[in-house]
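Input: one structure, supplied below.
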Amino acid sequence: MSAQLPPKKPTKPLTEYQGIAAQWAAAKKAQEEEQATTRLRDEKVKQRNAIALRNFKYQHGLLVALLLCFFYLHAVGLFLFTKGFLLTRLVLEHKSECTVSPLQEYGDAPVSNPDNGCWHPKTFNKAVIVIIDALRYDFTVPYVPADNTSEPRHFHNAFTTPYEIASKRPENAVLLPFIADPPTTTLQRLKGLTTGTLPTFIDAGSNFAGTAIDEDNIIAQLKGRGKHMAFMGDDTWMALFPGLFEDDMNYPYESLNVWDLHTVDNGVNEHIFPLLEPKNATKWDVLFAHYLGVDHAGHRYGPDHFAMTEKLKQMDEVVQRLVNRIDDDTLLVVMGDHGMDAKGDHGGESDMELEAALWMYSKKPVFGRLPRELLPQQGERSVAQIDLVPTISLLLGIPIPFNNLGAPIAEAFLGRRQSGMRNLATVSRLTAAQIKRYQREYSGKNDEDMEESSVVKTAWEAGQKLWASVVSKRKSTENDWIQVYREFTTYQQETLRICKYLWARFDLVSMGSGIIVLLGSIITLAIYARGFIGDTTILTDVILKRTRNGLCVGTLASLPVTFALSEKLEVPRLHVILFGTTVGIILGFLSATRDARQRLASLLPNDGWGFLSLLFTTLNCVMFGSNSFTIWEDKALTYFIATFAVAGFTASRRNKDPANRVLGTYHSIILLILTRLAAISRLCREEQMPFCHSTFYASATSSVSAPWTLALLYIMALVLPSIVRSFYTGTKSYSGPAPFYIGWAFRFGLFLVATYWTLDSADNGSWFPGHEALIKVAKPVIAQIVIAIGLIAGHVGFAWSSLCLDVDVQDKEPVKPEQGTKVTSASGRTVTILGYANVHGSRYFLLVISWALVLILLQKPMGALSMGVLLWQLLTILEIIDVNDLSSSSIGPVMFAILGNAHFFSTGHQATLSSIQWDAAFIPLSTIRYPWSPLLITANTLGPQILTAIAVPLVSLWKAPPKKEPENEEGLMSKVARASATYILFQATIAGASMICAGWLRRHLMLYRIFSPRFMLGAVTLIVTELVCILIGVGAVRWNWVAVGEVFGYS
């Protein structure tokens, strides 16, 4: 019988409290489990984000390093070519000696009385030499109207004293056109005026960094003869002749502030006239004065302005006072160091820039005139500036500087005596003998025979024979001495021609090395930018390792070559090492390409857009082979942009999406209109005349902006921010920092820019008499505020600002899907992230706006309007790219580069030295300050290219949401790398084409007027835009990416 279990006790029902407690415990346990799961998930997300962030920074660093490798290749290629193309002549350190006449070796008697003159009896004991900077010859002669309707300009009939005295008293004065040798920059002209030698083209680049002249010159010869010299004016003389002027009679003034018309001139007047007092006459022997007001008036206003009239009248009064103060034993020389073009600029080789004025005056009758048979058959007789050197030397009784190539100015040695022609023939023979001595020494030092020309040998021998024949005559005639003068003048002119030819020789080995390096870099960059399939960032690590190995191998391989071949080929060892390193890098890249050949694709375009970008690039390069196409490059670039707009219109009309079709068509039409508007602003170069009309300034003969451009600046300040806003509102991105950046800071900055140029016009036009000092103080302060807003506040804000996003929470769907991304909450509400579709581009464009504000400030008013149009054009092209899905195409970066180059011309620049707007250095500064002043001029000159280089990443970032790309698609960072590399590739190709054409056409008549300046522009543009694109453009992508990743994750 089984045991029976006791009955269960009935379960006691839980109290209400216990039930609640049990539910609480269960809920708490579930919550803890959920929190643990959430923490685990969050930790994994954080870990993935941290890993993704590290990978991104690593890949970004590799990309910057690789692009800097390409920059190194470009820099070395340009350096090697430039060293062979823009040569400098050999400078001899020989000095002429007073007691050693160059004619002694030909049997003439040695110098017997140096106190009366070293090689020739002196005419004067003292001299006052006045340089009026940029004194053009037509400023000094009466205006003769071409027809009854033409009227004199502001620069006519204001500086009349030299012409009146030379006309009424020809035995006391002579006025001549004074022809400079290019480049027409002040420092190079001073070298020619004191040494008698010729500059080379590359010397123009040292106009602001002069070093002491180490070759024989007039100043050193005067000092060597114990002469006491006083100086006042342009401080460039202090760099060229340190320690040669008397310390208590040395008054230099800053020379580069082209906005200051009076400080230097008033300072010169303050010191020059007291020294001319009889009580101070024994303190000095030669007095040098360099006035700058005429030059600065030309730079600031142009020659056809009332300010030029005032300066020329002031100089006329100065000359009158000098004429009254000097004595009979003093020579007065007044001259210009160069002229100026129609806008008041100089530096090139146009006729107006080359033709200065020379006026010599003496109270005793010493000047004569050439016989009629020696005068030119057509036009007016002119003299070269280097002719002043032997003229002054012989008149003051000092030796002619050893390197001189000039001839004595005939009028200074003819006099009124019958023996004047004999005296002229004597000094011509003496000068020719010194030139022959220089020839012999130069040929021995440089293995270049200057006397290889039969004309040179014949002229010297004929002159010597004729001299001996005439001297042996009992009674020589004037015609005899004319023939002697002609022979020695022929010898001097032919020698000068040969020297110009020799100093235009090119180092073909160095030029060829530079071309090879640049072409190799273009090929490798083209492979990286357009030749790889898929994500290029994956290959960056491998490419960098191979290029590093190639660099090491190339360097080691070049070392023995430097010792074996550098002396035989006369190639500097540094050049060999640089060439070896670049070849090693290129070969290292190609080896990495070979390993990744399965990912290589054809470099030829596979669609219409790629073909269009290739066509634009090819046509742009081919233009540099013709001088006619080169000078009209601005027109060609306008046609390229218009062609793209038409292509965009055609492609957009075929778009299947109605919204995209309308949007693309609209922006294509807008781009076409804006391109035409930008083309209105132009600054014509001399070679374009008479088929071009300048509109950049108020007139073709002015450097002052038209008043109506000021009104347009205020309109731009109102309208342009609204235009930018319209591109943001399309994707609901006008939120976050965008309203402050665009609606407030950008608009306020543009108003300040308009205010600045209004004050500048008020200062130029004397609108507020008595308040000039206040205006001069206010202008740089306003400019500095604009720069602080754009660069300091703009960069800080960009680094730390949030995204251009907003959140909209509603019960119903508030926006269209393409305007944001939606998340549905548990409560059924729709949370929409506004601006999601353009989260990358909308934030990055804030950086472009910051730079645009500063670059707009640094342009003249018409140039500022052009920059505003450029900003609008960039946005329209970005929309066309988005509508036609061209973010990975080469057409976007190529069009950005073409836009930048086109607006280089519409901002008042040309590929000429004279078009550089030097006064940009004084927009935020009152004096020259290094390195800021050169940087400001660079930003003014290359402002459009700099802006497009910064904006290039937008080709890939505009309307790019923060989504992860599928494994088989190219990542956003890779697209940025392609776009940046393609932009650099275009600029490198343009620089390479201009380099090759300049090298090939090195004997072309227009080499130094057209082809060399275009090569220099291409080289500087490549270097500057490449650095900006890498360090600012690609560099800023890192900040932008991190800001987006902090919100949406990095993976």
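Numbering starts at 1 and runs along the chain as it is shown here.
Using N, Cα and C of the backbone, Cβ positions are placed for all residues, glycine too.
Found this in TrEMBL, in case it helps:
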- 506-528: transmembrane segment (TRANSMEM)
- 548-566: transmembrane segment (TRANSMEM)
- 573-591: transmembrane segment (TRANSMEM)
- 611-629: transmembrane segment (TRANSMEM)
- 636-652: transmembrane segment (TRANSMEM)
- 664-684: transmembrane segment (TRANSMEM)
- 696-720: transmembrane segment (TRANSMEM)
- 740-759: transmembrane segment (TRANSMEM)
- 780-800: transmembrane segment (TRANSMEM)
- 841-858: transmembrane segment (TRANSMEM)
- 980-1001: transmembrane segment (TRANSMEM)
- 1013-1037: transmembrane segment (TRANSMEM)
Going through 506-528, 611-629, 740-759, 1013-1037 one by one, which has the most CB pairs that fall under 8 Å from the transmembrane segment (980-1001)?
1013-1037
Is the transmembrane segment (1013-1037) in contact with the transmembrane segment (573-591), using at least 3 Cβ pairs under 8 Å (sequence separation of 6 or more) as the test?
no
Count, for each of 611-629, 664-684, 696-720, 780-800, 841-858, the Cβ pairs lying under 8 Å from the transmembrane segment (636-652), and report the range with the highest count.
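So the stretch in question is 664-684.
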Relative to the transmembrane segment (664-684), which of 506-528, 611-629, 696-720, 740-759, 780-800 accounts for the most Cβ pairs at distances under 8 Å?
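Comparing 506-528, 611-629, 696-720, 740-759, 780-800: 696-720 has the most Cβ pairs near the transmembrane segment (664-684).
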